[in-house]
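Feature annotations, courtesy of Swiss-Prot:
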type: BINDING; residues: His40, Lys53, Leu54, Glu66, Ser67; note: glutathione binding site
type: DOMAIN; residues: 1-82; note: domain 'GST N-terminal'
type: DOMAIN; residues: 88-217; note: domain 'GST C-terminal'
Amino acid sequence: MGLELYMDLLSAPCRAVYIFARKNGIPFDFQFVDLLKGHHHSKEYIEINPLRKLPSLKDGKFILSESVAILFYLCRKYSAPSHWYPPDLHMRARVDEFMAWQHTAIQVPMSKILWIKLIIPMITGEEVPTERLEKTLDEVKRNLQQFEEKFLQDKMFITGDHISLADLVALVEMMQPMGSNHNVFVSSKLAEWRMRVELAIGSGLFWEAHERLVKLPNWDCSTLDPTIKMRICDFLQKFK
């Protein structure tokens with residue numbers, strides 16, 4: 001068997017892996033795991049990834065989870081162009097630094113916006129208290145300012161003049177609120193960086209990867225399996 005990637009492009013980490021593999025001509029079989037139908041909890045998928053998370057990579061008998069680890073693996077195995085994960089000690093450390101920071105500072109609050117503004121009301125029929133949304137938006141504003149001041153500064157990209165894995169991961173995570181028609185790219189510096197990253201990836205590939213996300217408001221959640229809906233409703237309580 002060749003390389004298999006288990007993904008749902010609603011997930012920002014999955015989009016990062018998908019875009020990287022497609023951009024670099026890495027051949028793979030796309031194994032779709034539907035998050036909205038709870039397929040990541042299926043017996044078949046748990047055998048692939050007991051953590052029940054996406055994405056997962058299967059390369060022969062070797063199985064790997066966690067998107068950052070998968071991106072590093074693909075970089076090394078397929079000898080991706082060096083700008084993605086620079087060999088220079090300090091530039092590579094800068095990528096590593098961002099990857100360590102972004103999990104809680106970018107990924108979590110960006111996902112919260114999508115859940116609070118769209119998914120919770122859509123599935124439960126209840127609005128999240130305004131103060132909860134405002135608190136999350138304040139956190140996002142603060143963290144984006146830190147991103148600009150600490151990581152982007154006055155550079156074209158996080159590591160300098162060329163796109164890296166850090167830029168790719170950052171942008172797909174910041175796109176997550178777009179599923180609820182919320183735009184976080186309000187500063188000119190951030191908006192200009194966003195466009196540079198999109199163009200470096202290729203606009204066609206970029207928007208192909210985000211098509212499922214931007215169409216999420218059109219999802220008919222009445223088709224959701226009752227058992228999965230109950231599990232999601234239990235999960236959503238922590239956002240209320």
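Yeah, the Cβs are placed from backbone N, Cα and C, and that goes for glycine too.
As the structure is a computational prediction, the values presented were derived from the model and not from experiment.
Feature map: annotations from Swiss-Prot on the structure.
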residue: His40; record: glutathione binding site; DSSP (3 states): helix
residue: Lys53; record: glutathione binding site; DSSP (3 states): coil
residue: Glu66; record: glutathione binding site; DSSP (3 states): coil
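One way to see the shell of the glutathione site is to take the Cβ centroid of His40, Lys53, Leu54, Glu66, Ser67; the remaining same-chain residues with a Cβ within 8 Å of it are Ser11, Pro13, Cys14, Asn49, Leu51, Pro55, Ser56, Ser65. Sequence-distant neighbours of Glu66 (glutathione binding site) (same chain, six or more apart, CB under 8 Å from its CB) are Lys53, listed in sequence order. The average per-residue pLDDT of the prediction over the domain 'GST N-terminal' (1-82) is 96, rounded to a whole number. In the shown protein chains, 20 other C-beta atoms lie within 10 A of the C-beta of His40 (glutathione binding site).
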